[in-house]
Every structure is written in structure tokens, then in C-alpha cells.
Amino acid sequence: AWYVPCLASLETLQELCRKENLRCKSIGITNRSLKSYEVEYLCDYKVEEGKAYYLVKWKGWPESSNTWEPRKHLNCPLLLQNFLRDKNEYLSRGREGKALKVRNRVKALKPAIADYIVKKAKQRIALQRWKEELNRKKNHKAMILVENTVDLEGPPLDFYYINEYKPAPGINVLSGITTGCECADCPAEKCCPKEAGFILAYNKRKKLKIQPGLPIYECNSYCRCGPDCPNRIVQKGTPYSLCIFRTSNGRGWGVKTLQKIKTNSFVMEYVGEVITSEEAERRGQLYDNQGNTYLFDLDYDSDEFTVDAARYGNVSHFVNHSCDPNLQVFNVFIDNLDLRLPRIALFSTRTIKAGEELTFDYQMKGSIDLTSESAEGLSPSKKRIRTVCKCGAVCCRGYLN
């Protein structure tokens, strides 16, 4: 389905709801906000006759209803902290390499400062709502956090979270598999990987033990084994809490782990729209002009299909490129044994510390069996315009493509 963003502002929608006595939790109009006043954020500050006043934006009320309130009327310590932090952040920004001295005893804020404070407050609310939306839609237990301490950028306007492939019309990402292993305790002699002619991908600690280029065959929905089977890893979803954060060096959004990740551990799956290579070529013409790199060729066996994560995807949509990455791509087959449509899983190549950014190589060097005559590498769709790489690695190649 295609979505059209609402052209009305949040304030306009709130005002309409209030006028018609309607409730809408998603935009902050509840029974409580209809009958009472709650501070949503603080907009401005002034001192009159020795008394401090704050301009208050009331939750669920339009900005036209903002009022000046004395400090003693405000019981919102966290919002006051945010206000002061945002003010000091603006004032202490360097000018020609020299930091400005923050003056706390002011009688009124300059319009530019108040405007910045309001924008930061609106951004904070928008990012919080986005975080809540992401965590509602995800199908795994680990949390997704959102963080931007760099600029005023809010959530992407044209991105929709999905947990699995979204096939374009005419593409079937499920092969209609009707059989599974009969193992009571996987792995056994006739477990799924061996039936496909490969070895089990995981060891007893559920860590990857195969080399890049070899496929992973997990047990499927028809297998006799239960959910605790050691051959069910990717299908359980991301096991680590992750944070989508704004990078400070112009790379847009990135993803960092909030937990330590051991070597050869499954981290996340790369999902998006599954489209034909012909459609990918058409979209690629548009994406090149924007510098986007979301087209990922499914060329494990052929090059008929591509995953486009530009509009639909999961956390992997925000993972940046690095010429020295800590994630590696593997092809996975579970409920679909069609070699043209593998699932794409990202595994750690080394121990990753909590707080460290997650990256993978968009060219995917070493992701496939380089001795194969038919494979040219699992890589994002070929670009027509060279994109400068900002990964900062010692071995940086200079370009993403």
C-alpha cells in the first residue's frame, strides 16, 4: 500500500479535535487533555518585575493557546531541564572556534534562541513518537531507541517499518514448502542443512561456524523441532537492543548496539520491498541523484530480484557503510527454498562493544564464494554516480561504489 502524508499540521488537527470534542490519542487529544492542562514543552523565557515567566505550550492545545506562566506554577522538572539544556546548547555553540559565554541572568531570550528551543522540543516529541511506533511494529523482544544530539533532523517522513520482505505484485517470497525435518533434537542425520547438501551453520553456542559464501538453511514451520531448536536463529529476529542515532560527520542516521555482541552472532536481517531487477534499474536512476544506497541485489543464484529498503525496511535501513565493517552478509533459507530469493542476514565479524556503531560493506567483498564462476558478489545494485565514502576507516577505498 502507498501512503500519503497528512498536509494538516499537528496543531491544526488538535484544534479541530478539540472544537468537535473528539479524542485521538495518537495526536495527544485524550479525555485528560480535553479537561485539564498539561505542559507539553516550554517555548520562551522572560523576567518581569523580578519574577521569571515561561511561555508554555499546553499538551493537546494549539500554539495559539500558549500562555506565560510564573515558575511556581510549573511542576515539570524534566521539561525545565530540557529547556535550560537547549538554551545553553544554543548559546555555547562555537563562533569562529571560540565558545560563547553562557549568561543565565537574562531578562528575555532573543527570538533566535526561543525558536531553536521550540524546534528542539518538537523534535524531541517527534523522535519519542517514532521510537514508540518502531517498538509497536517490531516483532522481536529487543528494544529500539532513537537519538539525535547533532542537529534538528526529525524522523524520516517517507519510511515505513516492516519485519519481513514486502513482495511487489507477481513476486512470491514463499515457495509453499510443505515438509520439514523429523529431528527430535537438531541437528540430526537428516536435518534441514544436510538435506540441502550443506552443513549446519551454527555451533552449540548458537554462533555461526561457516565461512562467508556458504548458505544458511534453518529449520522451518513444518519441522518437528520446537522454538528452542539451535537451528532457529535468524527467524527469531534481532536479539540485541539497538539505537538509531544521528551521526556527527554527515552520514545521516546510523545504528549502534546498546549491548555487547560476540563474534559470529546474528545481529539483524536486511528487509525491504522485493522487486525485479528491471524495476531496480529504473528506481536506481532516481536514487543515484539523491545519493541513496538502499538497493540490494539478491544474486546468490541469479540476478532476477533486488531488495529495495528505501521506503520499507527495518533497523537495517539505517546501517551505514564501512570499508572495515563489523557485520557480514549471509544468505538464509527458511520457509522459502527458492535460490533466487534468499533472506539476507547480518552477522558480527568480531566482538562489538556496547555503544559501537554497526556497519557493513556495501560492496560486500568476501560475502560469496569468490571461486564461483557464476557469482560476481552479493552487492547493492550498481551505481551510475560515484558516492564519496565517509566511513573514516584506515583502509577506506574513498567511494561507496
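Just so it is clear, glycine is given a Cβ too, placed from its N, Cα and C backbone atoms.
Annotated in TrEMBL:
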type	residues	note
BINDING	CYS181, CYS183, CYS186, CYS191	Zn(2+) 1 binding site
BINDING	CYS181, CYS192, CYS219, CYS223	Zn(2+) 2 binding site
BINDING	CYS186, CYS219, CYS225, CYS229	Zn(2+) 3 binding site
BINDING	ARG251, GLY252, TRP253, ASN320, HIS321, TYR362, LYS390	S-adenosyl-L-methionine binding site
BINDING	CYS323, CYS389, CYS391, CYS396	Zn(2+) 4 binding site
DOMAIN	37-95	domain 'Chromo'
DOMAIN	179-237	domain 'Pre-SET'
DOMAIN	240-363	domain 'SET'
DOMAIN	385-401	domain 'Post-SET'
CB contacts for ARG251 (S-adenosyl-L-methionine binding site) [other CB atoms within 10 A, all chains]: 17
Cβ-centroid neighbours of Zn(2+) 3 site CYS186, CYS219, CYS225, CYS229, 8 Å, sequence order: CYS181, CYS183, PRO187, CYS191, CYS192, CYS223, ARG224, GLY226, PRO230, ASN231, ARG232
Intrachain neighbours beyond the domain 'Post-SET' (385-401), with Cβ under 8 angstroms and 6 or more residues off its ends: 249-251, 288-289, 291, 293, 320-324, 359, 362-363
Least Cβ-crowded entry, counting other Cβ within 10 Å, from the binding-site residues listed as CYS181, CYS229: CYS229
Segment confidence, the domain 'Post-SET' (385-401), expressed as mean pLDDT: 81
DSSP-assigned states of the domain 'Post-SET' (385-401) in counts, ordered helix, strand, coil: 0 helix, 2 strand, 15 coil
CYS219 (Zn(2+) 2 binding site) versus binding-site residues CYS183, TRP253, ASN320, TYR362 - nearest by Cα: CYS183
Binding-site residues: TRP253, TYR362 - member with fewest neighbouring CB atoms within 10 Å: TRP253
Which same-chain residues, if any, lie at least 6 apart from CYS389 (Zn(2+) 4 binding site) yet have Cβ under 8 Å of it: HIS321, CYS323, CYS396, ARG397, GLY398, TYR399, LEU400
8 Å Cβ shell about CYS323, CYS389, CYS391, CYS396 centroid, Zn(2+) 4 site members excluded: HIS321, SER322, ASP324, LYS390, GLY392, ALA393, CYS395, ARG397, GLY398, LEU400
Cα-nearest neighbour of CYS186 (Zn(2+) 1 binding site) within the listed binding-site residues, CYS192, ARG251, LYS390: CYS192
Least Cβ-crowded entry, counting other Cβ within 10 Å, from the binding-site residues listed as CYS183, CYS191, CYS396: CYS396
Rounded distance in angstrom between the Cα atoms of CYS183 (Zn(2+) 1 binding site) and CYS229 (Zn(2+) 3 binding site): 10
Residue among binding-site residues ARG251, ASN320, TYR362, LYS390 with Cα closest to the Cα of CYS192 (Zn(2+) 2 binding site): TYR362
Binding-site residues near CYS191 (Zn(2+) 1 binding site) (Cα-Cα within 10 Å), from GLY252, TRP253, ASN320, TYR362, LYS390, CYS391: none
